[in-house]
Structures are given as C-alpha cells and as structure tokens.
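These features come from TrEMBL:
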- 7-89: domain 'PARP-type' (DOMAIN)
- 84-105: region 'Disordered' (REGION)
- 113-202: domain 'PARP-type' (DOMAIN)
- 371-448: domain 'BRCT' (DOMAIN)
- 520-616: domain 'WGR' (DOMAIN)
- 637-755: domain 'PARP alpha-helical' (DOMAIN)
- 763-987: domain 'PARP catalytic' (DOMAIN)
Amino acid sequence: MTDQLPYRVEYAKSGRASCKSCKGNIAKDVLRLAKITQSPFHDGVITSWFHPDCFFAKTKPKTIGDIANFDNIKWEDQEVIRKRVGGAGEPEASSSTKGKGRKRANNDALKDFKIEYAKSNRSICVACETPIIKDSIRVSKMDYESEKAVKFGGIDRWHHLECFSKIRNELEFFSSGNNLPGFKTLKKEDQALIKKTLPAIKESEAPPVKKLKSEPVDTAEDEAMKKQNKKLFDTIDNLKSVKKADMIAVLQQNNQFVPDGESRLRDSLADLLVFGSLPPCDKCSGQFRFKSGLGYRCMGNITEWTKCENMSVDPKRSKVTIPGALKEKYDFFASYKSKPERRIVRVTAPSGVNVTGVKKEDQVDGPKVNRGPMPLRGMQFVIAGKTKKSKDTLTKEIMNLGGTVTSKVSDTTAAVISTEAAVEKGGKVIEDAEKLDIQVVSEDFVDEAKDYKDTPIPLITKKNIASWGGDPNARVVASLAKSTSAARGKSIYEKSGSGKVKLRIKGGGAVDPQTELEDVAHVYQRGNEKFTTLLGLTDIQSKKNSYYKIQILKHDQKNKFWLFRSWGRIGTTIGGHKLESMSLEECISMFEEVYYKETGNHWKNRENFVKHPHMKYPIDTEDSDDSQVGSLESEIKSELKKPVQELIRLIFDINIMKKVMKEYELDTEKMPLGKLSKKQLEKAYQVLTELQELISKGNPERMLLIDASNRFYTLVPHSFGVQDPPILETEEAIKGKCEMLDSLLEMEIAYNLLSVKTDENQSPIDAHYKQLNTDIDVLERDSEEFKLVETYTKNTHAATHTAYELQIEDVFVIKRKGEDKRYKPFAKLPNKKLLWHGSRTTNFAGILSQGLRIAPPEAPVTGYMFGKGIYFADMVSKSANYCCTSSQSPTGLLMLCEVALGNMYERYQADYIEKLPKGKHSTFGKGRTGPDPNQACKKDDVEIPCGPPVDQDIPGNASLLYNEYIVYDVAQVKAQYLVRMNFKYKY
C-alpha cells in the first residue's frame, strides 16, 4: 500500500509553481495536475506540475484510479477529468455508414502513431526484439507509461512493418495504413505495400477494445456524492478565514490527526466537520485520514519499521465538539451543529503503472512476435579489414539474422568478422580482440549461421581464424541480456556494470572512493570515535531502498578537514554526493546534525541506537583493506602442481564471488565482499527465523511479514534496481535467503584470507594454499583411487537428474590439519561410509580452512529436513545439485568425506531432529532408490556405496527419492577427496 500513484490533482497552494510544459505560471487555487516520477537525485519522487490542457496533451492516464487526491477536488472538476481519462482508437465502420466511421478514426485516435524510414541501424523492434535496418519501413506507437515515457512526456516505440501488423489489435490500430501520419512522405511502391499489409479493420471484425474494468455507475450514489462534495467545499470556503492555530485546536480537541500544510489541514478539518469525528485505529491506536479512492487509512505505525495498513470505508463516527472560545471568535463555528454521517467512498483501482513506469503484468518472458529463426539474436559483431562483401551488405545480413554490428570491440562482442590478412596485419580492432580473447571469424560465418535455428556458438569456434579465443558462451549471454533489456525498456537508472570499488583503509576506516581523496586523506578518528557511518533503510510500503553515508576526512599532512556525504537508492545511479571543506568543529557539528536528521538518534548515543519510524538504521560493516587484496597473478612461479594451482585460482576467484552476490541481488558497491559484520549477519538469521515462525503458523498478517522483510533487507542491503522490494512470505524465499547468508559467511572467510598480506617473495597462489591448512595432492588418472571415484561417479548419477552429465576433471586427495585428531574418537564407531557433499565453489576456501560446519543457532529451521547438521548423499548427482552450476559456469566441486555414522536413526520422511534418541549417532533419511549394497566396495573399514541404483525396501508413505545421511557433530567427518567436475549441460 503506497501513495505513489503516477499522477496527482489538486488546487495550487500558492502562485509560485510554473507549468513544466508551457512554462507559464499556475495561479493560486487553480486546478493543476502532476506527473510523479522517480527522482534521479535521491530515493524518492519528483512532482512536476502542469495546467490541465498541458498535462493531457502529453499524458494519457488509463483510469482515475491512477490520479491521487481525485476525490478531494470539486465535483465539476472531477467530471471534466473523467471525460479526458482513458479512451482509445476505434475500428473503421462498415461502408454502409458512408464514411461516418472514418470520422471516428480521426487525428485524435491516430496522433500517437507514426510511419517513416529508419534513420539508422540503432532502433530495436519492441515486438520481435531484433534490430530495424536503416532505410527500412518502421512504425511507431507513442508510449506514455514506461519509465522513460513518464519522464520525457512520451517516446516512440518502433516496430518492423510486418511485426506491427501482427500485433495491431493489441496496439489498438484499426484504421487503414494510409491514415498513418507520415504515410505521404513514403515512396509509391512502399505506400502500396503498407495499404496491403495494413487494411482497415471493419467494426464487425474488430476484437473488443480492451478497457479497464469499472463499476457500473450508480446514478443515485452519484447524486449523493455530488451533494456531499458541495457541502465539503462550502465548509472549506468557510474555513479559509480560520487561522491555522485555531484549525489545529479543533482537530486536537477531537483527538484527530494533524497533517502538515495549511491546505491539508483545511481538508482534514472539513472532513471532520461534515462527517464527524473518527475513532482511533483498533490495531495500533493511530489516527485515520481520508485517502482518495481508498477510504480512511490509519496514519500510525505497527512498529518502528512498518506503517499500519488498517483501512475502513465506513468508520464509526461521533459528534464534533468546538472549543467555546472559537465559537465566540468565528460565526461559522457559532452556528455549526455536528451531524455525523457516512462519507460515500467509491474505491477506484489503479491500472498498475507506478512512478517508474513499471507494470508487472506487462512484463513478458520473450518476444511478442516470432519472426522465425533468428540465430544471431542479441549477438554483437565488429567488422574489420577488407572483406569480400561490403561492410553495408554484411551488416544487413547480420541484422536480418537478429544481430547487431558495432564499431568497437567490448567484453560482450561475440566475434570480429575479418580476413586472415587483416589478422596478420593487426590493427586496433584485432589487438583489442586478442586482449579480450575474442575470436576472429571469416565472413562465411554469416552465410553458415543462416542454417542454424539456435545461437551458433560452436560455429564461432569452428570459424575462428585467430590463434586465440576464449569461451564465447558468457559473452553471448551478456550481450543477449543487454539487447533484451533494451528492447523491453531497461530502467534508465539501472547500473550498466558491476562497478568495481577498491576501498583503502586509512585512519578510522575506508575512505570512500567518490571523494577522490583516498591518496591524501584519511577518516578522522577522535580516540575510539571513528567519524564514518553507513545508514540504510528498506521500506516496502513506501518502495524505498535507500542508503546514506557520512564521513569526516582529515588531510594526511595538513590541518585540513572535509565532510563527505553520499546518498541514493541501492543498486542504481539514483543519488548524489557532496564534499565540503570546513573546520573540524564545523565538520563534527554538521556530521552530528545529519546523523540526527537521518536516524532520529544523537551521535553520542549511537551505542544505544533506537530505530524510529521512517528513519534510517546503521549498517554494521567491517572495513577490510581492499588494496591488500592482491591478484593471484605473479612473476614468481608457483611450486604447486598445475591442477592444484588451478584449484586455488578457482576457490579464490573474486569475480565468481561477485557473480554469486549479484545472483542473490546484493549490491557489491554499497556492500562489497567481506564488509558486513558477523554480528549483522547473525541479526539477519534471527529475522529469517522470525519469518519462518510466522509462516509456519499459517495465514500470517501481511504487516508482520512486511515488518520482518524491511528489517532483513536493511540489515543485508539488496539491489532491486527501481523494482519494489519483495515481501519475504514463502518458505522457499526464506530458504533462499538462508543459503545467501551461508554463502556470505563462507565468502567472508575466503575474502579475509585474500586480504591477509602475504610474503612478497612467494607466489600468491602458494601463499593462499598455505592459508587453507590443508594438504592437497592430485591423483593420477590411472591410479586405483581415481578409478574408484570414477566408478562411484558413473554409477550413482540419479535417473531423475537429467539436466547434465558429470565429467571428472581432477580428483584431489585432501588432508585437513588437525582433522585426524578430531575424528579419532569417532573412528571407533561402526558403520563408516565415504559420502558426497556438494557446495558452491565460492564456499570451499571456508570449507577447506575451517571444515564443514553446522548452521548457526540463529538460522531458521526451514530447509533442514532432518534438523541442523551436515548433510551427505550416496548419489553423486544429489550432492552435485548443490554446486549451483549452469551452462555458463559449468565447473563444480564435490567433497568425498569419511563419515562416522554409527547407529543410524532411520527416517522415511522429513522429521526435524533437535536431539537424537539415546544410542543413535546419525540420521538416515532412507529414499526409494539407493546404490546396490551388494556391489559396495570396502577400503579398510570404510564402505564406499558405489553400486548402481536399485529400489529400496521402504514403507508406502516414504517421501524421499534418494538417501540422505546427517551427522550433528562436525568431528564425525573426515574429508578425503575433493573432485573437480565439469557439468556437461544437455540444454
């Protein structure tokens, strides 16, 4: 529930505003309409005012439900606006109407359309999401609803002629193509084609025009509302002579909400006097206030994190009392008699378009029009050198297959099209391609690509004429995502890149790179008091996802100080920053003032912070020195075996960690790797536990879910772009966030290891290997151990896990220091098995250095079928599914661990175990299928269940497909092997 409708209407409160369209003055008390748009400067909105005629010239609200404050204007003004809202082009009437229908398809219905020749190769057809070739016919319908359209007063959305014809009903174009504005400027042969492609649609053949559902008009109710409206505005006119303080006195006398601003104050008091006094909210004891199109909404707060959402269209009313002194002062109050009555409310639903122009139901997963195979869709190419076909011809051929041609090589370029002579000669394009490891293909690539139905990635490798060339998969996926977002109207505030930020610790913390003072200044510190803070607030109801950073900086040598501030919406370009030079006293005074303004807390009381409604909360971060996070590249050669070197590179790959954070919608700029404190993450786990408990009880109250979601997103800043932060309201969502926190804790370990300064005379790879405290060696492929792991992998791939095949790249023997000693007491237990455990590659620096661990007590129980423990499987693919690989990132790591299971507590379906029964050492979740026990192998006294799958004898009510083994003591596990797998995805 939010007030952020895309438009607003009211009477001008002063004569200071000017119309954003004609620039003319809008006089006081004159009707004005506004467009509400996302501000580029802060996490909020901008209100742009217009004269009514100027507003409707460029804006097309679909329903009065999109216009805030509509019920609070005079009835006659409401009628004028109702007539101008909605409406669409109509189909041609049949010929029997002798042209009357054609008059209906007038300029008003057609002015939003346009036809012309494409001026360049840059436009993208919004229907098929492929480029429109220069000089070809393109047709536009003006868009008034998207983010850009709302901001700029409408923009053209271009289509190929044939695509436009296929979706003309959806676009509400029923007239003949020769009525399109711009038609007469086209060539005669093209005019004939357009008439043929876009014949007039007769009224009898046209589909019904989509219109928003509206309630049937109740004439009697309309008349009653009209009378109430007149009575209300007569009262408002009488109140214009009443002083502001006296109006407040009447509201306070009757225990009513006192709004800001004289106009709002007058409206609230008029509502009170005409309809009666409102009761307090029965949920939060807050006070109600009239909201146009909704009724009466509580203005209170359920908690310091969440507004109350209690609504009533017919609240109980009571008589109004007027202070005696005011009866003597004003004739209007002297003659006033309170007669409570019901205010008639007509609830009007908005269309779904919000201030960012995003309408969820309009978002589609694929193109609206399928133009047949477009194998080069979304792929970018650069043409270099003297090719047999001209550059223009090749460009047209590529665009006809859905691709685009650019002038510069980038990390999203699919390939460079050139000749062997040009590769040999070199030049900037070829050099850039080599630097980025991008293939150079011969021009016949384009001809051969025509035979493909899907993206011809193998053809890029096949046609490569250069000596270099990396995996084109990732480049093509990135390019496709970029082109799709362009066709579907990506937010203008969305960040174009990941934005790598390096933080350098100096003095009391990390100097923000936006200051550009990191080389000459440091964070000012007075004793233990560090003058730097990061504040955040996610508020689902007001659609905010804000941050605010404040720092005092001191020059490294001089007695010079600066106050730095930055603010905005997380994960977007929305916001700004300010750096001011001033004295230390002024810096401290301003720092404390801003901190109080943003949080409602005094800086000196920050250790006993109290959250206030609608105000920000401190994000507890740990400043690690990013300048110490060095590259793994070095001129010093590693002494490790090559496969071990590659393993270290994999588990310490910062780029993979950042990709994982992006998958989890985390902002790597406002919350870089390793920055959230463990204390903050523990609080986040506690919030998830609270959410899980709410959901498990059934029918949780929406406000309580919002409250916990707000707290979670504030504790762990997420990047939603301009989209609304989602409510965490399902078990699945909570499980996903738990996995995210688990990964953050593991990545924090890896990042901290990378941050430790290492010996400059040693290879960084060797230094980080030593930090793992694990001996790692690679098995020879012809060894018995390797063959055993290979058999175990081959035999235990489950029949239901068909998306990929597993191919072993390397098997490492691992021995964690101190683990033998820890495991020794449990080694005496019977029933030891070698079992699989899978996890993300980013988690393995933590797993190897600290061992497999059990979820913290703060974590919710959701996702743990048999309680919080360490989970293993005897089917390789069951564990492999937890590696979170994809066709773009096909490398995964699985551990094989010796697990002392002892006496197992056998279960056939989910059973949350907090304490095992006496005499039991582990839980065995028995599935319908498991490895054939008759073909298991033994190594010493450890069983390796490597037999092929067979059906297992289990009760009919069993719900598990495959076996699970769970231990609740980390000492029952001894890591033996680490297997590097290539996940060969089939599709």
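Glycine residues also receive a Cβ, built from the backbone N, Cα and C atoms like all the rest.
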Maximum Cβ pairs under 8 Å to the domain 'WGR' (520-616) - stretch from the list 7-89, 113-202, 371-448, 637-755, 763-987: 637-755
Helix, strand and coil counts within the domain 'WGR' (520-616) (DSSP): 22 helix, 44 strand, 31 coil
Average model confidence [pLDDT] within the domain 'PARP catalytic' (763-987): 92
Candidate ranges 7-89, 637-755, 763-987 - greatest C-beta contact count to the domain 'PARP-type' (113-202) (under 8 angstroms): 7-89
Three-state composition of the domain 'PARP-type' (113-202), taking helix and strand from DSSP: 28 helix, 21 strand, 41 coil
